[in-house]
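In what follows, a structure is listed as structure tokens, so that the remarks can point back to it.
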Amino acid sequence: MAAAWQGWLLWALLLNSAQGELYTPTHKAGFCTFYEECGKNPELSGGLTSLSNISCLSNTPARHVTGDHLALLQRVCPRLYNGPNDTYACCSTKQLVSLDSSLSITKALLTRCPACSENFVSIHCHNTCSPDQSLFINVTRVVQRDPGQLPAVVAYEAFYQRSFAEKAYESCSRVRIPAAASLAVGSMCGVYGSALCNAQRWLNFQGDTGNGLAPLDITFHLLEPGQALADGMKPLDGKITPCNESQGEDSAACSCQDCAASCPVIPPPPALRPSFYMGRMPGWLALIIIFTAVFVLLSVVLVYLRVASNRNKNKTAGSQEAPNLPRKRRFSPHTVLGRFFESWGTRVASWPLTVLALSFIVVIALSVGLTFIELTTDPVELWSAPKSQARKEKAFHDEHFGPFFRTNQIFVTAKNRSSYKYDSLLLGPKNFSGILSLDLLQELLELQERLRHLQVWSHEAQRNISLQDICYAPLNPHNTSLTDCCVNSLLQYFQNNHTLLLLTANQTLNGQTSLVDWKDHFLYCANAPLTYKDGTALALSCIADYGAPVFPFLAVGGYQGTDYSEAEALIITFSINNYPADDPRMAHAKLWEEAFLKEMQSFQRSTADKFQIAFSAERSLEDEINRTTIQDLPVFAISYLIVFLYISLALGSYSRWSRVAVDSKATLGLGGVAVVLGAVVAAMGFYSYLGVPSSLVIIQVVPFLVLAVGADNIFIFVLEYQRLPRMPGEQREAHIGRTLGSVAPSMLLCSLSEAICFFLGALTSMPAVRTFALTSGLAIIFDFLLQMTAFVALLSLDSKRQEASRPDVVCCFSSRNLPPPKQKEGLLLCFFRKIYTPFLLHRFIRPVVLLLFLVLFGANLYLMCNISVGLDQDLALPKDSYLIDYFLFLNRYLEVGPPVYFDTTSGYNFSTEAGMNAICSSAGCESFSLTQKIQYASEFPNQSYVAIAASSWVDDFIDWLTPSSSCCRIYTRGPHKDEFCPSTDTSFNCLKNCMNRTLGPVRPTTEQFHKYLPWFLNDTPNIRCPKGGLAAYRTSVNLSSDGQIIASQFMAYHKPLRNSQDFTEALRASRLLAANITAELRKVPGTDPNFEVFPYTISNVFYQQYLTVLPEGIFTLALCFVPTFVVCYLLLGLDIRSGILNLLSIIMILVDTIGLMAVWGISYNAVSLINLVTAVGMSVEFVSHITRSFAVSTKPTRLERAKDATIFMGSAVFAGVAMTNFPGILILGFAQAQLIQIFFFRLNLLITLLGLLHGLVFLPVVLSYLGPDVNQALVLEEKLATEAAMVSEPSCPQYPFPADANTSDYVNYGFNPEFIPEINAASSSLPKSDQKF
């Protein structure tokens, strides 16, 4: 401490000796250091504005001020006014006029906070006019302009008490510039910007002639308490008004937005919902474990009671009771439907060619509607509901403010470039990333200039289209040149000029001389982007060549805090005007973007060794979606081909090599596929007639889906026909009819359930999904109808061909000498009968299976609670898309989120004082105004998702009107008398301000408001008036023809939004904020009750659906269960137990699917919702056939009926449902589109696997325990039919093979179970007929 004090004394002595021999020998109260003006500073030239005159050296007593001089002093420097008789000053009238003029520039920025503005003025008033000037001012350098004249002061020292300086700085440190959404001190602190600014640096910048505004150099010394100065000098310690205090009765304190001390106590938003725990276990997990345990226990109890009940029944069974009325009712629907379809099938099989012709005519008639098809490719039209709130908001925004401009953006990182250190003269040692290398910047500048000068020929316009024809030009929208185009990049700090980029200069600072170059200028501009002239020896501007600042978060990315030199990526953004779809300029914009993409692809290839580049144009997303759709068409075609091949091969019943050509079902398989495709085309044509738009996704996916569903019915029908023996004397047509009567109710059950599920899925508001659901539902109905007609006719013709031993495909030839087919059951049926079913339904296996599936259900219930909701837009792209890298870079490097506009509708009066105060955020405004509420929200970005407070045209309009600035003036004479005079006009014709000076905040009258607002909106901002509204607010206020405001907007920024969950939550939070603002503004007198404030972000239309997709999904899926249960209940013969077990299996499939979606990275959204609706429909295929087979079986026990259903219908379901789905689904894994891979390949694979497991493993076990009792009505009918058949049995012997003894023509009796003694089939005792075909 002693050493420090000795050092201070030594410094004071040296300073005192230096002062003694310089220009201010007298330091005492009442003495000046300089007085009067001595012209311009000869050492300076090229200031940003006309620099003020410098003062004359004059160490003389202060002058007594009177008259006009006193009045001027009182107006300019009110704190130096001591009354009419006791006011002294060290400045002349000329000096006061110059001081007032020079302060007007800064006051334009600070006037919104009166305390700050007055404190700032007070500092410079004391320096220039204080009567005690010599106490704290010491001149250090003068120049002699002319002999005989007083020397002119070009440099001096000012000594302040540190507390005085820091209080003054503190009062200004939070004052904002609304248009730039930044702090005013950021442009008043030089290279340090707002982040590194403090009182010393703030004052140093004001005294630095290098800033282009200061007329002389001032060195500020801030002294701690107790530090003394020699020769009677005393540091200035004047009055400072805190920002939260007013200047007087008519003045207002600074607002919360400009002064932290003025802020009311804002309770922090509620913390993120804490996790729910029960003890140390997550609450949901604990609840699900309890639920699963109860479910398992209940199942065990039910099984036990059921087994015990069966044992009691077996002990008391003595006679066969007649079917009671409920059982007859249960049997009635089965009988009615069976007889109807049997009759129908017989008639169709009897007239196959007629039915085929009629079916073909109907399909063609409906397909003609495809000529009217409208394919939707616009992502907005595909993925957002036309009547959704977001679409309405978008329509309002586009109508009143124009569409959000089209963004063409480039991210660039350096390959194999390590970071390096740079010792900056201004900021000391700084780390620079590899991308910030001069040679790379030069190459990127060449790229940027090539893109800026890019031209492309338009055949429609018959001329070249260039960037200036379509670009967004905020400062010159009507007569745009190339340099007016908004291009944001780091290179704009050098005005896109190679020469300026290479510029170097020697600079001395604090006694150290060093070379400064582009790196110093970059550091300066990144910290102070509003700078018109940096403080380096380069003296370069930071303003882009189109006239606006480039903020660092839009030019560089991948940095921490404010370490911009460590940025890993450079960002180049071309902003292009957006136009309506029918505007010719939209085609021009897309044409230029196409050329932009080609240039970028070429540059990416040629510089792959230097740069890693990601880029995007506005048209890119739509282009890539369309590209992948076309690319994946062959994948879908192969999928259809494989399913067709499988059907063709699997439908055949092969017994001998010599009969392969005859027993093949290629034609029948092709016909089945044609039936499916015909149903799809007919459905699409039908909706085209109605004007319902379609999409490429429908063309891809719906045929595949309907083929998978339709192939199931084809298999079940054909296999049943092959297995069902022909009755004695039964014609082929009757045989087909009887087969159809047996399986058609089951086909109807599945098709109807699936179609209803799809139609319910159309309740979603997403257009693409809605159209997909409608088309799929109708296609399934048409598919069922065509299967009941065209396919039955095809089977009739194919059976006739096979029975005539004609080869498939080339049926014109006949093979008469072929041996008859062998009677055998087939490998699949054999496997199910001998191996699978006995193992599955073993007494020890069944409880294990039941327990495992219940545990799996419980586990997936928990996983279901953790599924992510949303759809990231990159999933709509192919895996090889260049946009994948773009979205990756966007999320990794962009340090700010998208802009969010708070739009106001008509019905609010902005022109009243109350109306303005409820909107603005400067002095005199309400504490909970619109902009203040957004400011409060921005202080909690993790909850509000707002990171940067809103710009406000109301605030800047008020500041623009302030008389102390040079912004709003009126011509007092000349040809433009009484018209607006721009701040660039310095003539004496513009001496009248728009508003008179007031003691309180400036507020225009209603008449003044409507008169001056258009002037403000068309005023170009410049150094003399930075508040001009042309650049920032030209499109922010929509005026009617009579000047009334019908819409306005206030722009803020979200925090970085990385995924769809962030976008969804940001939309939710901004709507809550807007609703709160709306409720507050409706309290302002004169406000329309329908007035509204709403948030608009360009992405809202895509993420609106995710606000409600969860409850909508639960409702839709729950709704799907109702018709599924009802249809099953009705078509299974009013069997409620079968319906419940059927529904239970479907619910378990659905829950397991959703749970495993979370494991496999499949998010929940509208696309997955429609697939889950499909899952309900497809689950019906897996379980309903087996449930119905169990219900109509006449075996005496549940276990035997379960075995019977598993062997016969289970094998058919495996061959017809699972095996027709698997090949097509697996092929989808090769699709390029991630949307197809994730939401159709993965999800449908899960659905098929889980459906297969539940249908062929879980359901038979459950039915063996809890299935319904045997239907005695069916038992009775079977008994009567058997007795009738035995009575009519012919006496002629049977042939050992189903062939005519003389001609050997094949007779299709189907598969005869009498050759398999192990199966006690009801039909095994039926006699055979020698009917030949």
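Each Cβ is built from the backbone N, Cα and C atoms, and glycine gets one as well.
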Disulfide-bonded cysteine for CYS254 as listed in Swiss-Prot, from CYS113, CYS116, CYS125, CYS129: CYS113
CYS967: disulphide-linked cysteine among CYS865, CYS920, CYS1025 [source: Swiss-Prot]: CYS1025
Among CYS32, CYS56, cysteine joined to CYS38 by disulfide in Swiss-Prot: CYS56
Range from 353-373, 633-653, 777-797, 847-867, 1243-1263 with the greatest count of C-beta pairs under 8 A to the transmembrane segment (1143-1163): 847-867
Mean of pLDDT values spanning the domain 'SSD' (632-797): 81
Rounded Cα-Cα span from CYS981 (disulfide bond) to CYS967 (disulfide bond), Å: 8
CB contact flag for the transmembrane segment (353-373) and the transmembrane segment (666-686), at least three pairs under 8 A: yes
Number of Cβ atoms other than its own within 10 Å, given for CYS129 (disulfide bond): 25
Sparsest-packed among the disulfide-bonded residues, when each Cβ's other Cβ atoms within 10 Å are tallied, from CYS91, CYS1025: CYS1025
Cβ pairs under 8 Å between the transmembrane segment (633-653) and the transmembrane segment (1207-1227), at least three: yes
Any contact, the transmembrane segment (1243-1263) to the transmembrane segment (847-867), with at least 3 Cβ pairs under 8 A: yes
Among 666-686, 847-867, 1166-1186, stretch most in contact with the transmembrane segment (743-763) (C-beta, under 8 angstroms): 1166-1186
Neighbour tally for CYS920 (disulfide bond), based on other Cβ positions within 10 Å of its Cβ: 30
Cα separation, CYS243 (disulfide bond) to CYS113 (disulfide bond) (Å, whole number): 7
Candidate disulfide-bonded residues CYS90, CYS172, CYS981, CYS1025, pick with smallest Cα gap to CYS125 (disulfide bond): CYS90
